[in-house]
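Some features that TrEMBL has for this protein:
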type	residues	note
REPEAT	41-75	repeat 'PPR'
REPEAT	76-110	repeat 'PPR'
REPEAT	111-145	repeat 'PPR'
REPEAT	146-180	repeat 'PPR'
REPEAT	181-215	repeat 'PPR'
REPEAT	216-250	repeat 'PPR'
REPEAT	251-285	repeat 'PPR'
REPEAT	286-320	repeat 'PPR'
REPEAT	356-390	repeat 'PPR'
Amino acid sequence: MVTRLSTKILNICIASICKSKQLDKAETVIVDGIRLGVFPDVVTYNTLIDAYCRFVSFDAGYSVLYRMREAGIIPDVVSYNTLISAAARKCFLSKSLDLFDEMLQRGINPDVWSYNIVMHCLFKIGKPDEANRVFMDIVLGEFRPSPATYNVMINGLCKNGYVNNALSLFRNLQRHGFVPQVLTYNALINGLCKARRMGAARSILREFREMGYEPNAITYTTVMKCCFQCSKFEEGLEILYEMRSKGYTFDGFAYCTVVAALIKTRRIKEANEIIEQMQSNGIEPDLVSYNTLINLYCRQGRLEDALKLLDEIEKEGLECDKYTHTIIIHGLCMAGNFVGAQQHLNYMNTLGFGFNLVAVNCILDGLGKAGHIDHAMRLFEAMEVKDAFTYTILVHNLCRARRFLSASKLLVSCLKCGFKILRSTQRAVIDGLISIGFTNESRKLKSKIRLARFLH
């Protein structure tokens, strides 16, 4: 009795020391315990496995199994579940499945948690059919599925594109008396949102409330982001205002999502208000936040303020990325400062970013919109790398300048390269040719477009 009690106290000490990441100290305590006649048990070693996996490496955690066997202690299902979970966390998904097989070979019976992890891994490596078979083994076998089992299944089906199956499973579970958790609703709503099924996601959110649950910040933010991605800005902002009325706060990423949506809808005043709210809530801006702010300032024509933020980013110990510099270049183009845009592009090259096609496309578009179409053509000719967007920009701007024959030649060149140009741009060229009396050329262009669709 004394030994059992002492081992229990030893385990409490080891767990506490491991939580503080002092693994060397934990090992010393185990050695001291053995000297005093207090021997570690399977719980002690399981605690070490978890700590080594979390704070050192997976291999260090796995090596504890050998020590257990040397000490005459047989690893149990918790030992293997801990290792399988650790491998899954570190994305060693095949290793997780190998450990499950090893556990079976050693005669250790898995529990429902073991199967949950295996299902999660199979979904992650894109094997939903095998995950479903494991799920059926649980349902038809001796185990009682846990709420976590259903959550893994619903989440995995959604992430593998089987949203209808996830929704069907959800409804079947409800008919059999399963009461979904907040986590279940969040997984389903997230899956529907990623599939851009906005209506179904909103319907589940309403049901969520009717069940007596209060959606949390994750639920709201997921649906709000989906609204913005589906260009349903008003619906997204309604959710934002509902969140604010309920006193929810968001992380920097959620704030930036809102600000970006407001900028797209040209609601600059509201975007400024959200930025001020973010700052007043004490949220430290990260690079995404700074990029959003720079974009906002450029849209407002506040280039000096945008450039000041570059210095602030460096003071905060952050490094500007390609997107940061591209926003600045776009802002300079919007202001008509093409020399400055080119200089900043050259500056990017000195920083080691290499060729930035998006930034060059920005300059090309800016020149075209400002009426410098010949300059834009020279830049286009000098570009070694082009994409469909490059061609679309120039074709569109040639049409704006009513240079439809040049636009037609460029469009044909684009199609020969295998690029696709928006049908609206193609139509603009055809209509333009007809408007200046080149009906025969418009017919030839139509034939070439049809041929290109057939070949590509």
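Any Cβ shown, glycine's included, is placed from N, Cα and C.
No curator has checked TrEMBL annotations; they are predicted automatically.
Taken through DSSP, the repeat 'PPR' (41-75) splits into 27 helix, 0 strand, 8 coil. DSSP labels the residues of the repeat 'PPR' (146-180) in these numbers: 26 helix, 0 strand, 9 coil. Residue counts for the repeat 'PPR' (216-250) by DSSP state, with H, G and I taken as helix and E and B as strand, are 26 helix, 0 strand, 9 coil.
Long-range neighbours of the repeat 'PPR' (111-145) within the same chain, counting only residues 6 or more positions beyond its ends whose Cβ lies under 8 Å from a Cβ of the stretch, are 77, 80-81, 84-85, 88, 91, 93-94, 96-97, 100, 103, 152-153, 155-157, 159-160, 162. Here the repeat 'PPR' (146-180) has Cβ contacts under 8 Å with residues 112-113, 115-116, 119-120, 122-124, 126, 128, 131-132, 135, 138, 187-188, 190-192, 194-195, 197, 200, 211 of the same chain, all six or more residues outside its ends. Residue counts for the repeat 'PPR' (251-285) under DSSP, split into helix (H, G, I), strand (E, B) and coil, are 26 helix, 0 strand, 9 coil. Across the repeat 'PPR' (76-110), DSSP assigns 26 helix, 0 strand, 9 coil.
In the predicted model, the repeat 'PPR' (251-285) shows an average pLDDT of 74. Sorting the repeat 'PPR' (356-390) by DSSP state (H, G, I as helix; E, B as strand; all else coil) yields 26 helix, 0 strand, 9 coil.
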